[in-house]
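Asker: Pasting a structure here, questions to come.
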Ligand SMILES: Nc1ncnc2c1ncn2[C@@H]1O[C@H](COP(=O)(O)OP(=O)(O)OP(=O)(O)O)[C@@H](O)[C@H]1O
């Protein structure tokens, strides 16, 4: 493009007319072209400087950078030529005037300024400033002569200047033409440029758009890359965390395996636990499939267990009977053996006597035989002597006959004795055999008795285990159902009720003696409202029913697992509800001789905590105690005398409750809790009512926060145990309350009624549950509507006198039992690393 433009630019100079074209001018060439002009040209230009000064300055100058414009060096390139042409042109145009001047001045006018300058080396200024001085008396012709060279010079200079002027005018014209040409070219080029610019602008726009697109894509790519990098970093972090966890798990595994090695002795126990856990997990899986089916299955199983239990108990009773009859048989057999042994001994004695008799008889016989032989000998001697008298012979014959009779008698006797002896021997053999048989029978019976005793123990153990399984399954079902558990406890008839005829001490409650509802059901009989109306029976079933004979120990046994779960990180809430004087305080606090749930729970928590220390668990426990009296919270552990502070209840998102400005005491042994309880009981509002000498006039809340940390696994648990003794509901009319007592009773009844409303709303699954209607319900909110394991003791008085109150309480208990709360949740943190 530049080349094209340069080629169109006219170049003034020698042979260069207005339309003449020149070769494109390259800066290097332009510079080089100036060089060969040599110093002579430079000198000439210097000499021209004065004459050319003005016109040259007015001439357009070009620079190589402007392309089309010839540079000064360009003009220099053709300087010689241009000067010559200008001179020629000038001389051609100025010819007449010069000729005219020559004609006036004669030969003076023929010399040109260039010649003068070359000859004299003068500059125009030198000529113009020349002064001519004459000595006095110089002749005018001399003076004229003196002026002639100066005039010549001045004329030559004048011509030169005129020529220069004409040359300049020519140049100006040329330049004007050239300029017009250039302008049109420039205009064309400008159009071209504008079009090209537009095109370029369009292209630029396109490029810009492309760039923007590219930019957007780049940005997108960058953000993708950034995102990818972030994801990568996240993944890397996750991987690192997982690696850490893996390392941690590996370390844990290593530690665990070491611990396993160390705790080899506990393996059996753990295996047992694992087996039980597997059993539970199988059962739980079954339960998860269908709770209802599981419930039925559980009922069936429980029935089966119950049947099995009954059967086993029957078997046990039967086995016991059999054992007893076998023992009797054994005693009889022993007697028989003893008898036979005696008989055998007497037979042995008889045989010895018979043997002695036999020996005697044998000796007598031998003697008789000897006598007979002697008599025979005598007879023979007498016969031989022939002379013996007939009398002697007869006498001898008689003797012989007698002796023979004696002999045969003795022989008979001997044979009978022999028979007797054989019989006795037989008897003895028989009794020996019988004794052996009896002895083996006795051994067999003994083995039987032992095995029966074993199976009896086994059956008893199975019954016990079945009962344990039943209870555990029941607990699991309760947890799965998320119900509030209800244990009903009936207190015994008090001595005053029994002795005072003013009281109707007849029992209003019955308990099933066998069957499915054994230990779970009860029936209340209430007198008809109208006189003559028959008493009415109402049956109820709860998670557990404790009849009046149940000891504190037995009651606690039933809830110790629940208490234990507070150590495992659960929130546990146990509260006692019932009419005044029904045994709530006795159940929760008890007496020194018969401690209740709170002291026993503390004992268990501390003992279990100590046991768990062997497995590297450390526990930190904090207790607080408050009472809600006339709808105001009071700190029972505050040591301030005038504790008029207003306490506010707040619940956090984890369901943990905080009461502002409440005294928290670190406890690490049960005795410390005993002291706190004693201190709190001193402060608690208690009064005497017509129905209870030591009636609690406030709701008392004992709260213990248990934080556990396993130093080897870094696992953490945070459990809460809330144990609450509510004030008793009462009929104001019957309690005889007036004044302050009346106000207290009204506040108590109001808050209990608010509790009833909350329970109803929960049971009916209402959207709004009015927890905020009383301090008590607001405080219990996480236990009633949250994820606590909650148990309510329903305390009931046993006699007909309180039949109606008992019926109300039992109905309320049924409602509570049907209340569903969230499934209890453990608050456990297991380390990630
Ligand atoms: N299971 C029980 N065995 C023996 N005595 C009991 C039993 N339950 C309650 N009692 C006795 O009955 C009386 C009233 O019991 P308690 O004070 O515990 O009732 P309460 O429900 O707390 O009454 P209130 O609501 O008025 O405070 C007490 O003397 C207590 O010792």
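Any Cβ shown, glycine's included, is placed from N, Cα and C.
Automatic, uncurated: that is what TrEMBL annotation is.
Checked TrEMBL, it gives:
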REGION    1-124  region 'Disordered'
COMPBIAS  41-59  compositional bias 'Basic and acidic residues'
COMPBIAS  84-101  compositional bias 'Polar residues'
COILED    165-462  coiled coil
DOMAIN    483-819  domain 'Kinesin motor'
BINDING   578, 579, 580, 581, 582, 583, 584, 585  ATP binding site
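I would like each feature placed in context: is it buried or exposed, what are its neighbours, and how far apart are things?
Answerer: Averaged over the domain 'Kinesin motor' (483-819), the predicted model reaches a pLDDT of 86.
The number of other Cβ atoms within 10 Å of the Cβ belonging to residue 581 (ATP binding site), over all protein chains shown, comes to 25.
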Asker: Using DSSP reduced to three states, classify residue 581 (ATP binding site) as helix, strand or coil.
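Answerer: Looking at the DSSP assignment, residue 581 (ATP binding site) belongs to neither helix nor strand, so coil.
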Asker: Can you tell which of 578, 583 has the least company, meaning the fewest other C-beta atoms within 10 angstroms of its C-beta, among these binding-site residues?
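Answerer: If we count Cβ atoms within 10 Å for the binding-site residues 578, 583, the smallest count is at 583.
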Asker: Around the C-beta of residue 579 (ATP binding site), how many further C-beta atoms are within 10 angstroms, looking at every protein chain?
Answerer: 24
Asker: Taking 10 A as the limit, how many CB atoms besides its own sit near the CB of residue 584 (ATP binding site)?
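Answerer: Other Cβ atoms within 10 Å of residue 584 (ATP binding site): 27.
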Asker: Within a 10 Å radius of its Cβ, which of these binding-site residues (582, 585) has the fewest neighbouring Cβ atoms?
Answerer: 585
Asker: Among all protein chains shown, how many Cβ atoms are found within 10 Å of the Cβ of residue 580 (ATP binding site), not counting that one?
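Answerer: There are 25 of them.
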Asker: Consider only the binding-site residues 579, 583, 584, 585: which of them have a Cβ under 6 Å from an atom of ligand 1? Write none if no residue does.
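Answerer: Among 579, 583, 584, 585, near ligand 1: 583, 584, 585.
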